[in-house]
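Swiss-Prot has this to say about the protein:
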- K118, Y151, K155, T186: NADP(+) binding site (BINDING)
- S137: active site, proton donor (ACT_SITE)
- Y151: active site, proton donor (ACT_SITE)
- K155: active site, lowers pKa of active site Tyr (ACT_SITE)
Amino acid sequence: MASRAKTRRSCGVGFSICKAFAEAGVARIAIVSRSPEPLEKARAELAEAWPATQILTYQGSVTDSARMTDILQQLSTVDVLVMCAAIVHNRAPATKLSTEDVQTSFDTNVLATFNLTKAYLATPMPASGSKTVINVSSAAAQVSHTRRAAYGASKAAAAQLLQCFATERDSEAVRIFSFHPGAFYTPAVAEHFSRDEIQWDDVELPAHFARWLAGPESGFLNGRYLWAHWDVDELIALKDRLAKDPAFLTIGLVL
């Protein structure tokens, strides 16, 4: 039975990814969120639209490692783990950030990612014979942003950790990806930007990209950092270069 587990984020990317997998006909989707009301709303909408897919919901924070491990044990086997949960500190110069801002960013965006990935990889192998980890990251991991210093650093650190997990695993059995989902006009974004300031993305963009990553064609991208905007045919055309250059499309130092 194909099974997908998602940790959600409030901007709608997580829910859109759930819908994309449901559209593909997966047998089971498990959603984890701290907030019970949005969690129940997501369950009801998905169950109504795709009655053939089992929708499971669990309340909990990704920072609660014991809770995440318990949920994975209850699910027993999971084909695909999608990590969407993240925390973004208030916009401020690095000199104005508090130690708590930095600590919270790293606890949620790095340590929770590490613990959840490690716990998932320790679960039994599903009948499909492979596991997939999809980390919904941010361009902040690559682009310096002085007003989001801890956020960007934490997203880069998480991507680096996952690259290490990827290099230590047989890519036929375990595939691990990180990707930038795009820019979305949410209520939080509206506090700082106008709708016509840039061209905003549709949440279906990362949803369908995540679904493609979970499919059979993406194995050659194991351990890579990607953007949802990239054309998959162009990525496939880079397969030989990726095989020859382990550092290509990864987070690291360029000299």
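Placement of Cβ uses the backbone N, Cα and C atoms for every residue, glycine included.
Where Swiss-Prot records a feature, it is marked here on the structure.
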| residue | record | DSSP class |
| --- | --- | --- |
| K118 | NADP(+) binding site | helix |
| S137 | active site, proton donor | coil |
| Y151 | NADP(+) binding site | helix |
| T186 | NADP(+) binding site | coil |
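The sparsest Cβ neighbourhood within 10 Å, among the listed binding-site residues (K118, K155), is found at K118. Shown are the recorded positions S137, T186; of these, the residue with the fewest other Cβ atoms within 10 Å is T186. The Cβ of Y151 (NADP(+) binding site) lies under 8 Å from the Cβ of I87, V88, H89, S105, N109, S138, A140, H145, each of these being in the same chain and 6 or more residues away along the sequence.
Proximity to S137 (active site, proton donor), defined by a C-alpha to C-alpha distance within 10 angstroms, is shown by the following binding-site residues from K118, K155, T186: K155.
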